[in-house]
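Participant: Positions annotated as active site, proton donor by Swiss-Prot: GLU210. According to Swiss-Prot, the feature active site, proton acceptor maps to LYS343. Residues annotated as (2R)-2-phosphoglycerate binding site in Swiss-Prot, with sequence analysis given as evidence: GLN168, LYS343, ARG372, SER373, LYS394. Residues annotated as Mg(2+) binding site in Swiss-Prot: ASP247, GLU291, ASP318.
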Amino acid sequence: MFMSQIVDIRAREILDSRGNPTIEADVILESGVVGRACAPSGASTGSREALELRDGDKSRYLGKGVRTAVQNVNSSIHELLVGQSVFEQKALDEKMIAFDGTENKSKLGANATLAVSLAAAHAAAAEQKLPLFQYIANLRGQTTLTMPVPMMNILNGGAHADNTVDIQEFMIEPVGFTSFAEALRAGAEVFHSLKSVLKKQGLNTAVGDEGGFAPNLRSNEEAITVILQAIEQTGYKAGSDIMLALDCASSEFYKNGQYILEGEGNKSFTSNQFADYLAGLVKQYPIISIEDGLDESDWEGWSYLTSILGDKIQLVGDDLFVTNPKILQRGIDEKVGNSILIKYNQIGTLTETLDAIYLAKANGYTTVISHRSGETEDSTIADLAVGTAAGQIKTGSLCRSDRVSKYNQLLRIEELTKAVYRGKAEFKGLN
């Protein structure tokens with residue numbers, strides 16, 4: 001037997017940052033090395049995402065248990081992969097995909113396949129005595145490593161908050177800095193400054209799932225205004241040091257072909273009108289990126305949005321592309337969007353995640369590696385962002401250990417690699 005052979009695979013039910021069960025997997029090698037990883041879980045999900053297998057037994061965890069997925073790892077996946085070399089990442093992932101046999105991994109569960117896929121990469125890296133980011137880089141011959149620009153979600157509306165703001169996330173991107181550590185510091189300072197701005201206005205400063213504030217503001221523009229005040233208060237310049245980014249998650253307020261904004265007095269917009277509304281915000285404020293500006297099925301609307309904003313700012317497809325290379329290819333062919341959000345639990349294996357990242361890069365699309373609203377202490381996405389030189393990472397606000405664990409891992413990686421932080425160079429329209 002060779003030392004890199006997988007001798008055991010074990011999974012267990014653990015809790016995520018929302019107190020819901022998720023799955024953690026261990027891949028154990030002949031050498032005694034153990035690789036471990038956890039699957040995250042989303043709140044606003046695209047309809048074409050790979051399936052997260054839940055038990056549905058209402059008497060346990062309100063139906064959200066993952067014992068079935070755990071059992072799938074401990075039986076089917078165990079049988080499939082024990083005896084294989086851990087260094088064959090693609091072959092391991094392809095075995096799980098073929099065994100599952102469904103388009104959306106509904107047989108094994110994408111949470112089961114992903115946890116094992118990532119745990120295998122952790123084990124392989126440890127076996128080769130390599131940091132995970134370097135192992136991931138080697139998988140696709142990525143020779144340049146870069147530190148990602150963080151897209152920091154500091155103010156929430158939509159499905160992530162109980163308020164009247166329609167846009168789901170208002171984020172800051174600290175682009176005018178020369179290192180990740182400095183960019184992180186700027187983000188943290190703005191986060192603390194925003195807290196004091198909200199406090200002064202008598203607004204709620206409790207934080208949501210991703211660590212962002214969710215005050216009861218009256219409109220989307222009011223949310224932008226308080227962030228700009230916070231940036232100014234810290235002494236940074238909005239538009240040069242720090243840019244704004246939005247995640248509209250507009251599928252959440254798209255009904256019968258109309259975009260209905262409750263926060264704007266139940267105003268309804270056609271696709272083109274809503275795209276024009278977003279273009280108006282871009283004109284008025286230092287916004288560099290808009291995610292899911294239109295509904296995931298509104299390809300015509302997306303096409304129009306891309307035609308008016310695509311050469312000025314980053315237009316990110318999340319629910320639109322769901323980290324799926326096939327769907328991304330359609331976007332490339334139809335010139336829809338210019339960026340993809342990468343959430344590996346939307347697709348269910350590391351190999352397919354890398355396929356999506358490199359397909360995007362080959363076609364001039366930017367890539368943003370992302371957490372989910374239900375996270376764990378697992379910081380694999382930090383290594384993924386550096387190891388693929390993705391350029392950006394979206395991993396929440398500047399509080400809650402489930403978010404900060406990723407930032408801290410990036411600080412360690414920067415210290416180790418001295419990888420370049422490209423800041424503004426990552427964006428169209430800023431160069």
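Cβ atoms are placed via backbone N, Cα and C, with glycine included.
A quick note: this is a predicted structure, and the numbers were derived from the prediction, not measured.
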Participant: Which of the binding-site residues ASP247, ASP318, ARG372, SER373, LYS394 has its Cα nearest to the Cα of GLU210 (active site, proton donor)?
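Facilitator: It is SER373, whose Cα lies nearest.
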Participant: Write down the Cα-Cα distance for GLN168 ((2R)-2-phosphoglycerate binding site) and ASP247 (Mg(2+) binding site), rounded and given in Å.
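Facilitator: On Cα coordinates alone, these residues lie 6 Å apart.
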Participant: What whole-number distance in angstrom separates the two most remote CA atoms of the (2R)-2-phosphoglycerate-binding residues GLN168, LYS343, ARG372, SER373, LYS394?
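Facilitator: Of all Cα pairs among the recorded (2R)-2-phosphoglycerate binders, the widest measures 17 Å.
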Participant: Anything within 10 Å of ARG372 ((2R)-2-phosphoglycerate binding site)? Look among the recorded positions GLU291, ASP318, LYS343, comparing CA atoms, and list what you find.
Facilitator: LYS343
Participant: What's the number of neighbouring CB atoms sitting within 10 A of the CB on ARG372 ((2R)-2-phosphoglycerate binding site)?
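Facilitator: ARG372 ((2R)-2-phosphoglycerate binding site) is surrounded by 27 other Cβ atoms within 10 Å.
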Participant: If I take the Cα of GLN168 ((2R)-2-phosphoglycerate binding site) as reference, which of the recorded positions GLU291, ASP318, LYS343 has the closest Cα?
Facilitator: GLU291
Participant: Taking ASP318 (Mg(2+) binding site) as the reference, which of LYS343, SER373, LYS394 (the recorded positions) have a CA within 10 A of its CA?
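Facilitator: Of LYS343, SER373, LYS394, within range: LYS343.
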Participant: Rounded to an integer, what is the Cα-Cα distance in Å between SER373 ((2R)-2-phosphoglycerate binding site) and the residue listed as 'active site, proton acceptor'?
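Facilitator: SER373 ((2R)-2-phosphoglycerate binding site) to the residue listed as 'active site, proton acceptor', Cα-Cα distance: 11 Å.
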Participant: Roughly how many angstrom lie between the C-alpha atoms of LYS343 (active site, proton acceptor) and GLU291 (Mg(2+) binding site)?
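Facilitator: Cα of LYS343 (active site, proton acceptor) to Cα of GLU291 (Mg(2+) binding site) measures 13 Å after rounding.
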Participant: Which one is it: of the recorded positions LYS343, LYS394, which Cβ has the fewest other Cβ atoms within 10 Å in this structure?
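Facilitator: Selected from the recorded positions LYS343, LYS394 on minimum Cβ neighbours within 10 Å: LYS343.
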